Structure formats: C-alpha cells, structure tokens
C-alpha cells in the first residue's frame with residue numbers, strides 16, 4: 001500500500017524548494033498515485049532553457065518500490081526513448097532505495113540530462129549519434145528542446161512557414177533549423193549565405 005502521508009510530505013518539501021531547485025511535483029488529480037513532475041534543463045547542456053514534464057506513477061509498494069517515471073516532453077537523449085519517453089536510470093529500477101524521494105529521483109533524472117551514458121542506452125539511434133557525430137547530436141538535442149520544451153518559443157511549424165514564405169524550400173528550411181538548434185535568425189543567416 002502506498003504511504004500517502006509520506007507522499008504528502010514529499011510534495012510539501014518540493015513545494016517549499018521549487019524556487020531554488022526549479023523542480024516541481026504536483027498531483028494529476030485527487031489520486032496521489034498519479035503525479036506530474038517538471039524539471040528545468042541543466043545549464044550548459046543542449047537542454048538549457050527547456051522545461052521538461054515527467055509522468056510519475058507510484059506503485060502500490062512505494063516507497064519500497066521505485067516510482068515509474070517517463071518523459072511526456074519529447075527529448076533527444078541516449079538514455080531516454082525518443083518514442084515513448086521511457087528513462088534508463090538505475091535508481092528507477094534495481095538501485096532504488098526507500099531513503100530516496102520523488103525530488104531526489106527527479107534530480108537524478110536532471111543529472112542524467114547533463115551526463116548521458118551512451119554505453120547503456122534506452123535509444124540506440126541517439127546513442128550512436130552521440131558517440132559518432134557529437135555535434136549533430138548537440139544540434140538535434142537543442143532543436144528538440146526549442147521545439148518541445150520551451151513554451152514561450154514559437155513552434156517549429158511557424159518558423160518553417162515564415163522561412164518558406166521568404167522563398168526557401170521546405171526541406172532545406174527544416175534541415176537548416178535542426179542544424180542550428182531551432183534558432184530562426186541563425187537559420188536565416190545560413191540560408192542566405194548558401
């Protein structure tokens with residue numbers, strides 16, 4: 001049976017510290033077994049400036065069993081499925097301890113964004129790109145962050161449409177935007193110079 005008193009306490013702790021950590025956890029409804037976590041993208045990474053939503057389901061054995069977490073926000077990362085959002089992280093599996101909390105689990109997920117482990121991938125395609133074409137990986141990860149993790153930024157389709165209206169071919173616009181991490185001004189400069 002889930003220890004709901006502990007879950008309430010953990011939610012209060014996250015609420016008190018959300019300004020300093022940037023990590024937020026809230027119930028999806030009255031059911032405390034279904035939660036939503038938000039983590040900021042770590043500074044100095046392609047995920048910087050993004051806000052990433054994580055779906056959290058607490059199993060009946062929580063806190064003696066790990067929470068089930070997966071990204072709702074699309075992420076380009078070797079240890080996160082680009083299709084399903086599944087996360088490959090030891091503390092969410094066999095290295096979980098009841099001493100850990102939702103906040104420490106989310107901090108670990110955030111740390112994983114900073115330090116990918118391509119030798120133990122969740123997404124083999126992304127891991128291969130990370131190992132063989134690192135700059136392409138960084139550009140793609142930045143582009144995905146711009147496209148899916150920044151609420152304030154314009155959607156990719158609006159950027160594509162504006163650049164296509166300037167007379168550039170759709171495919172070239174999309175590949176150029178991806179290469180520059182979604183920055184519309186840089187894409188325009190690159191398109192004009194080609």
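Each residue, glycine too, has its Cβ placed from N, Cα and C.
The domain 'UBC core' annotation in TrEMBL covers 2-150. The active site, glycyl thioester intermediate feature in TrEMBL is assigned to 88. Sequence annotations record features per position, and here TrEMBL assigns domain 'UBA' to 155-194.
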For the domain 'UBC core' (2-150), the number of residues DSSP places in helix, strand and coil: 58 helix, 26 strand, 65 coil
Chain-internal residues, separated by at least six, CB under 8 A from residue 88 (active site, glycyl thioester intermediate): 79, 80, 117, 120, 121, 122
DSSP helix/strand/coil residue counts for the domain 'UBA' (155-194): 30 helix, 0 strand, 10 coil
